[in-house]
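Only one structure is covered here, and it is reproduced in the block below.
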Amino acid sequence: MRMRVSLLLLAAAAVAAAAEAAPRSTLAGPTRPVTVPPRDRGHAVDLPDTDPRVQRRVKGWVPEQIAVALSAAPSSAWVSWVTGDFQMGAAVEPLDPTAVASVVRYGLAADSLVRRATGDALVYSQLYPFDGLLNYTSAIIHHVRLQGLEPGTEYFYQCGDPAIPAAMSDIHAFRTMPAVGPRSYPGKIAIVGDLGLTYNTTSTVEHMVSNQPDLVLLLGDVSYANLYLTNGTGTDCYSCSFANSTPIHETYQPRWDYWGRYMEPVTSRIPMMVVEGNHEIEEQIDNKTFASYSSRFSFPSTESGSFSPFYYSFDAGGIHFIMLAAYADYSKSGKQYKWLEKDLAKVDRSVTPWVIAGWHAPWYSTFKAHYREAECMRVAMEELLYSYAVDVVFTGHVHAYERSNRVFNYTLDPCGPVHISVGDGGNREKMATSYADEPGRCPDPLSTPDPFMGGGFCGFNFTSGPAAGSFCWDRQPDYSAYRESSFGHGILEVKNETHALWRWHRNQDLYGSVGDEIYIVREPDKCLIKSSRNKIAYY
């Protein structure tokens, strides 16, 4: 009898321990705010151009900087690469993009690349009409769309120009996303922002790869080429070091090539979807911007109907992803907003139950750095996203990690999305370590006119309503569930139509260790949806 009681106690203890170890769920309601005190994470040092991982390792027209991106549906994907080498100097002559063909051979086995696709090539330049500044013209950048692919299938491929001797890449492989439908999901989705190219970046990427993701979302601020002068001199803070001594915000474009070379072992086999950040603006001659970002990456812009590299959508299994632009017109009269309305209205939640959005600048961050910098975008777009019950929002920009409770208009709301900011990818600029709840030291988010509101302010009234008086909190606000200043990345695992497991991993921990985790649970019978198609799916 005594042994039986002991066994029952042991079993009960095991069940209790298992329950205690299980991640908390959003079904349990808002969590009490948690702040991990700032720790010294050291100085983020860039990889130098002498590092073998960023140097050009191919010769002639052999492809490098190979990357895979998704199309709007799993039946197609993009392959991008670079041939030739960039030029840097006072006078540069662009390469002829027609000199090398854009061809991908692919198939279901490495020794059977029986299918063939062709695409387009381009060259871009970064030009400065000022004495003493160096100009840049890129190597030839190729983009080829593979079509007629089977979902959830591994494809082997080789890219280049088969008509030129020794101008094809090695054979690589990637896996397409699962078929669109409510019962199939990518295994693991890595979410990272503000990656840069530092030694902290290498730690983030190594940790991320160890988690074996099937897809990577990069939420802006990619290479940080604009923390450099054209002569290759870098800084942690451009405005602090150079703002009064240069006629334009310069960039050192070779950092983009270094980044592409370093990331190729990842991007050539794991699809990566990118959205722009402020460090991609890169102004040059004739007020041109975003030249490198728009040229180097493939986007499902045409397939998703946006026809813009700054905002687009795609499906992966039962998830509809929407990538938005924090640095393009987001006003209600603009093209992005009108496209977003149409895109959301087309979503059938009986097919893609999950709707996940991503962009660069966060709406809900309680760090002083960039505090409410995207407030006008929130005012313009939040109600639309809420009305279609967007489930999760991922952002970057603030160089720290933060997860919110479900929130709408600064108020806890069981139907609001969970906002997660992962701008802690490894960036060179200083990490955010101070909080907006330190009294009397918060920046005024409306001190700068909003460029997409005709040069005026967004017009939101902070003197009344839930956000009143909240410029300088004297405590961590209740919508903020967890915040910490550490480098890292996140992994999202969507389990079924209603449950997704979110885990954030900090770099200083052992591989596989979890810094923050929660089950995000959808409640479709509780949260009203605007679209009639969505209502049919739920009721």
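The backbone N, Cα and C atoms fix where each Cβ goes, and this holds for glycine too.
Curation plays no part in TrEMBL annotations; they are all automatic predictions.
Feature annotations, courtesy of TrEMBL:
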- 1-21: signal peptide (SIGNAL)
- 22-50: region 'Disordered' (REGION)
- 38-50: compositional bias 'Basic and acidic residues' (COMPBIAS)
- 63-176: domain 'Purple acid phosphatase N-terminal' (DOMAIN)
- 188-401: domain 'Calcineurin-like phosphoesterase' (DOMAIN)
- 471-517: domain 'Purple acid phosphatase C-terminal' (DOMAIN)
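Long-range Cβ contacts of the region 'Disordered' (22-50) within its own chain (Cβ-Cβ under 8 Å, at least 6 residues beyond either end) map to 196-202, 224, 232, 234, 236, 254, 258, 262, 405-406, 412, 414, 418, 426-429, 431, 433-435, 475-487, 501, 503, 508, 517-521, 523. Secondary structure of the region 'Disordered' (22-50), assigned with DSSP and counted as helix (H, G, I), strand (E, B) and coil, comes to 3 helix, 4 strand, 22 coil. Within the model, the domain 'Calcineurin-like phosphoesterase' (188-401) carries an average pLDDT of 96.
Applying DSSP to the domain 'Purple acid phosphatase C-terminal' (471-517) sorts its residues as follows: 0 helix, 22 strand, 25 coil.
With DSSP states grouped into helix (H, G, I), strand (E, B) and coil, the domain 'Purple acid phosphatase N-terminal' (63-176) comes out at 3 helix, 55 strand, 56 coil.
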